[in-house]
Amino acid sequence: MNQQQSQSSSPRRNNSEFSIEAHQVESESSLNLQIAYSWLTAALLIVILFNCFLTLLLSSFTFHLSFRIPILFVSIGHLLYLIKICISYNKIAKNNHQCCFELIWGIGLISYYSCLIYFVDNNDFQMQYLAMVLEVYTIIWVMHSILQLHRNKTQIYQLKLIVVLIRFCFVTQLMFINLKLIDWLSIKWIYTFSIFWLFLLISILLQLVCLLKLPMLINKYLHSRIDQKGILMIHIIGMIWANLFLFSFCGVPVYALLKMSLSLEQNIEYNYILAIICNVFQTLIFMVYTIYHKDILSAFMIGVLHIQSQEQIEREPEIINFPSCRNNKKFVYNFRDNILNDFPKQLIKISSTYYLPEEQRNQTEINSAGFNNKSPTLTEIAQHDGMMKQCFNCFHQQSCTVYIPCGHGGVCQKCALDWNQERKECLICRSHTQAILKVVYANDQRVKVVDIIALN
């Protein structure tokens, strides 16, 4: 008896389960690393492209070059982005409204750039109507994004709405510049760039926050223990990178936009050679710093994304999540009637102790059950639904629970709740339980999570 108890108290795990766990942890870490690298690559490309455009624009003012060069540069960059969108959405473009909106908006913006190239030497060309059409289309896109956010109040749709609003501001700024060039606006040039000034002001405020946070991290690093210095050094390197990134949008651009506004207003030519040199050196420093510290910055980016996901979870009390010991994935349950339609089925790998050996029904009991008015036998009560067996505690109901984080199961919901009220531990391995899941059988050694019946 003691030998059986000792065997049942230890979870049975074979080599295949350990290999599955190692593969899952490795795949999850590699996925996080890929996401971090993609964010770093996107930030690096944004800074390089923006500073290249700014350098070309300032060179046009300084060396009296054609303004078609920076406009053509932006057109080619946007065309390449549009090709990337087409490749990414080639399978779902027919039924994805977001993709259709983005493609049409991109085609309209490239058409506007083409007209702007022609407008440089032909000031009588009436291109303001195309800007107005693009503005109306962007407003429709904003209204559609707001409607989508109202239907699906998730973080993804919030980010999509923010991106669309930024594009709306960009198109509005282009229309203001166009109307000022044809004298439809009677305001000064410094006010014409009001939307650009707003974004620059936001960048300056973020820059000040990062600059104030950097000495605090350095002071904390100098007074910390040895085991904490590694993590703090990652934060310091990441904060320096964030300052360099923000300085790309609030350093030289502020100086250049201010002098450009005065130049257009007073018809005075300014020299932008110093701004061009600073812009080139700042871009090179940011590139070298990002490439040299790419591994540390990826760890910093993973930490930032993890903090954002945790804050999102805390803001939504109706969503519950907890880790599993098998793959450290989050099981998300939303208390709505249509949960099975809105959320994908989360699958977990559980140990072989969940499934009891299948009991063969006695044919004599089956034949005599219809003639006798006695209480049904245990094997008659058991529901043979796939691999889900009867509860090994009461033998009256079907087993439908799994303990988290150990992954054991084999008892019904009533027995699991009764035992959880007395002792918050697993019936098999006696380890502390964080939650109890209600499951249904899916396939071999896997179950679907359909409910969370207890949280400890």
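Cβ atoms are placed via backbone N, Cα and C, with glycine included.
Annotated features, as they stand in TrEMBL:
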DOMAIN    391-430  domain 'RING-type'
TRANSMEM  37-61  transmembrane segment
TRANSMEM  67-87  transmembrane segment
TRANSMEM  99-120  transmembrane segment
TRANSMEM  126-147  transmembrane segment
TRANSMEM  159-177  transmembrane segment
TRANSMEM  189-212  transmembrane segment
TRANSMEM  232-258  transmembrane segment
TRANSMEM  270-292  transmembrane segment
**Fill in**
When counting C-beta pairs under 8 angstroms to the transmembrane segment (270-292), the leading stretch of 67-87, 99-120, 159-177, 189-212, 232-258 is 232-258
**Prompt:** Are the transmembrane segment (126-147) and the transmembrane segment (37-61) near each other by the rule of at least 3 C-beta pairs under 8 angstroms (pairs 6 or more apart)?
**Reply:** no
**Message:** Applying the under-8 angstroms CB criterion, which one of 67-87, 126-147, 159-177, 189-212 scores highest with the transmembrane segment (99-120)?
**Reply:** 67-87
**Prompt:** Taking every residue in the domain 'RING-type' (391-430), what is their average pLDDT?
**Reply:** 81
**Item:** Helix, strand and coil residues within the domain 'RING-type' (391-430) as assigned by DSSP
**Value:** 10 helix, 7 strand, 23 coil
